[in-house]
Amino acid sequence: MLLILAVRSVAQGFHSPATAAIIPLLVPKNKLTKVNSVENIFNSTVSLIGPIVGAVLVEVIGVENMAAILWIDIITFIIAVFPVLIISIPDITKKKREQKENSFSSEFKEGVSFIKNQDGLLSLLTTFTVLNIMITPVFVLLPLVIIDPSLINGNASTLAIFMVITQIGAII
């Protein structure tokens, strides 16, 4: 089961950036903001509903049948990946030839220069990076904290409630 989770996590790591990179290629520039907004609303909605559905599945199917729940997760992931696989993505090599060629290092230097020249941007990025580094382990260990009898002594529903409240806070 851990191997399946590892493969699924690696695949998710490719799915999200691929989706984000494909959208600007498929959508006209004048509609890109609206499409990105709709995508973010959709992702936020899924982040709200996902923990609830997961908790219901754990309560109905049971922890002892976690493999069945994992298969449901894998199947829904395949459903999410399928549109990315069948969409005809425009050939961007022609566009790249027309654009002036930039090396990675020159683009990186330009990005660093931009961050330095924008008031407060470096401190904002640093703050969010530190917060992300500090908060990520909390979410990884959260299920263990919730089920620990000496701490919360909760169950899947408790975890789902916590995750939904956290997502609502992120949306607000």
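Cβ coordinates come from backbone N, Cα and C, glycine included.
Packing against the transmembrane segment (68-89) from elsewhere in the chain are residues 1, 4-5, 8, 11-12, 15, 18-19, 22, 25-26, 54, 57-58, 61: each is 6 or more residues past its ends and has a CB under 8 Å from a CB in it. Per TrEMBL, transmembrane segment is recorded for 68-89 (among others).
Residues annotated as transmembrane segment in TrEMBL: 121-146 (among others).
The transmembrane segment annotation in TrEMBL covers 152-171 (among others). For the transmembrane segment (152-171), the list of distant contacts is 44, 47-48, 50-52, 54-55, 58-59, 63, 142-143, 145-146: same-chain residues at least six beyond its ends, Cβ to Cβ under 8 Å.
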